[in-house]
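Participant: So that we are looking at the same thing, I have put the structure below in structure tokens.
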Amino acid sequence: MTLQYINNELTMHGHRLSDIAKKYGTPLFVYDETMIREQCRRFHTALKASGLRYTISYASKAFSSIQLFNLMAEEQMGLDVVSEGELFTALQSKVPENQIHFHGNNKTNREIQYAMESGVEYFVIDSLDEIERLNTLAERPVKAVLRINPGVEAHTHEFIQTGQENSKFGLSVKKGLALEGIKKIQAAEHLEFIGVHFHIGSQIFESTGTIATVDLVIDWLSENHIEIDVLNIGGGFSIKYTEEDISYPIEEGIKSITDALKNACHRNNFTLPEISLEPGRSIVGEAGITLYEVGTVKNIPDVNYYVSIDGGMSDHIRTALYDAQYDLKLVNREEPHDKMMTIAGKLCESGDIIRRDIKLPTSIHTGDYLAVLSTGAYHYSMSSNYNQMLKPAVIFVTEDSIKQVVRRQTLDQLIQNDVLA
Ligand code: LLP
């Protein structure tokens, strides 16, 4: 991330963030566009080095916008979508329909029909009844990948673990449901079984869980004489929110996973499949920051020191939801982080906190700008209109450009669906 203090002001690619905040208003999401592209290229380079056939689909739930999707098309990334809304947005972009994968544990018939009409070719099937529904609704051949549940527990927050046995996602390998699903797909008239998918969780720092799952899946497929053309290992690669976190080591990590796949295939005399990835957070997470303006400062002697900003859980839900931790920086000057404080939002809930117990400069006062780091994934996309807050604008920055990619919501938009009398 190209954030640095120049002349006592925090800058991104040399552009003063306080100028950007003044021009577009706060709260504001600002992305380092160059870093997003670099992350895409790191995955490509690592996968190319493996010599395997591969595809990468950006998991659009991390942050969806048309200009971001156009960037993904330029970076040879496909898209993973999970709803008609994500698909609709994707269809407005330059990403070709045949590079959009339709996911989700409960696709509605309407969504399936919409995806069929839109030219989506690749579905990740998540249940036995979906196989029947998709086969009935499909009026042409559809490529089907089955999401399996390998029964592996990833080391991450329990709310974002997905591979354990008790999960709403995928079909259990151990309980025989996955095999039943494959047989059903193979027998379905309009479905072409091309492979299996797993995603064991999100914000995973290391590769051991994925490697164990690759081993388990290839052994299991081989034992059951099932051939696949595609192995989709999902996303879940971690990013650095604070100093304690580790950005997933993409180059070494992908090498160890692809080596494990090669070994497992070799051991089982199994034909090497194409490997597919669906990174979301690791593509956009560290590239994005949120800018806020400071309002009230409240000192409760011997209890806490609250600094409130002009947004909150409507644009930053992860602290309330997962007790997530963030680093912050004062934007409009550089000073030592010497005072313990809590950064709070302005919404009407005690849990509306950005960060508890963090050291920041004592001098922070009304009118200052604060930057919350690593908010590029699951912030804008998880934003809401709670308290009738407006969704912020989104800006992309490179060395030579500052461009708005999403406008701030307007008050009129807040009531546009209200039926008057
Ligand atoms: N593929 C599948 C099937 C997924 O379910 C997900 C994330 C991804 C890919 C992308 O995972 P990533 O690379 O972004 O970790 N709201 C939570 C994260 C939920 C993730 C849901 N699925 C958070 O803010 O941490």
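In case you wondered, yes, glycine gets a Cβ from its N, Cα and C as well.
Pulled from TrEMBL, these are the listed features:
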DOMAIN    35-284  domain 'Orn/DAP/Arg decarboxylase 2 N-terminal'
MOD_RES   K61  N6-(pyridoxal phosphate)lysine
BINDING   G236, E278, P279, G280, R281, Y378  pyridoxal 5'-phosphate binding site
BINDING   R281, R318, Y322, E349, Y378  substrate binding site
ACT_SITE  C348  active site, proton donor
Participant: Applying a 10 Å Cβ distance cut-off over all chains shown, what neighbour count does E349 (substrate binding site) have?
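Facilitator: So the number of other Cβ atoms within 10 Å of E349 (substrate binding site) is 13.
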Participant: Should we count any of the recorded positions P279, C348, E349 as near ligand 1, judged by a CB under 6 A from one of its atoms, and which?
Facilitator: P279
Participant: I'd like to know which of these binding-site residues, Y322, Y378, is least surrounded, judged by other CB atoms within 10 A.
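Facilitator: Per-residue Cβ counts within 10 Å for the binding-site residues Y322, Y378 bottom out at Y322.
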Participant: Taking every residue in the domain 'Orn/DAP/Arg decarboxylase 2 N-terminal' (35-284), what is their average pLDDT?
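Facilitator: Mean pLDDT, the domain 'Orn/DAP/Arg decarboxylase 2 N-terminal' (35-284): 95.
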Participant: When the Cα of Y322 (substrate binding site) is compared with the Cα of each of the recorded positions P279, R281, C348, which one is closest?
Facilitator: R281
Participant: Run through G236, P279, R281, C348, Y378 for me and report the recorded positions whose CA is within 10 Å of the CA of R318 (substrate binding site), in sequence order.
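Facilitator: The recorded positions passing the 10 Å Cα test are Y378.
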Participant: In DSSP terms, helix, strand or coil for E278 (pyridoxal 5'-phosphate binding site)?
Facilitator: coil
Participant: Given the recorded positions K61, C348, E349, which one's Cα is the least distant from that of G236 (pyridoxal 5'-phosphate binding site)?
Facilitator: K61
Participant: Quick one: of the recorded positions K61, C348, E349, which has its CA closest to the CA of Y378 (pyridoxal 5'-phosphate binding site)?
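Facilitator: Out of the listed candidates, the nearest Cα belongs to K61.
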Participant: Using C-alpha atoms, which one of the binding-site residues P279, G280, R281 comes nearest to C348 (active site, proton donor)?
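Facilitator: Nearest in space to C348 (active site, proton donor), counting only the binding-site residues, is R281.
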Participant: Can you tell me whether DSSP puts Y322 (substrate binding site) in helix, strand or coil?
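Facilitator: Assignment for Y322 (substrate binding site) reads helix.
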Participant: Starting from each candidate's C-beta and looking 10 angstroms out, tell me which of the binding-site residues P279, G280 has the most other C-beta atoms.
Facilitator: P279
Participant: What is the interatomic distance between the Cα atoms of P279 (pyridoxal 5'-phosphate binding site) and the residue listed as 'N6-(pyridoxal phosphate)lysine', given in whole Å?
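Facilitator: Cα-Cα, rounded: 10 Å.
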Participant: Enumerate the residues of the same chain, G236, E278, P279, G280, R281, Y378 excluded, that satisfy the criterion Cβ within 8 A of the mean position of the Cβ atoms of the recorded pyridoxal 5'-phosphate site; list them in sequence order.
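Facilitator: Result: A59, K61, A62, S202, G235, F237, S282, I283, G285, A377.
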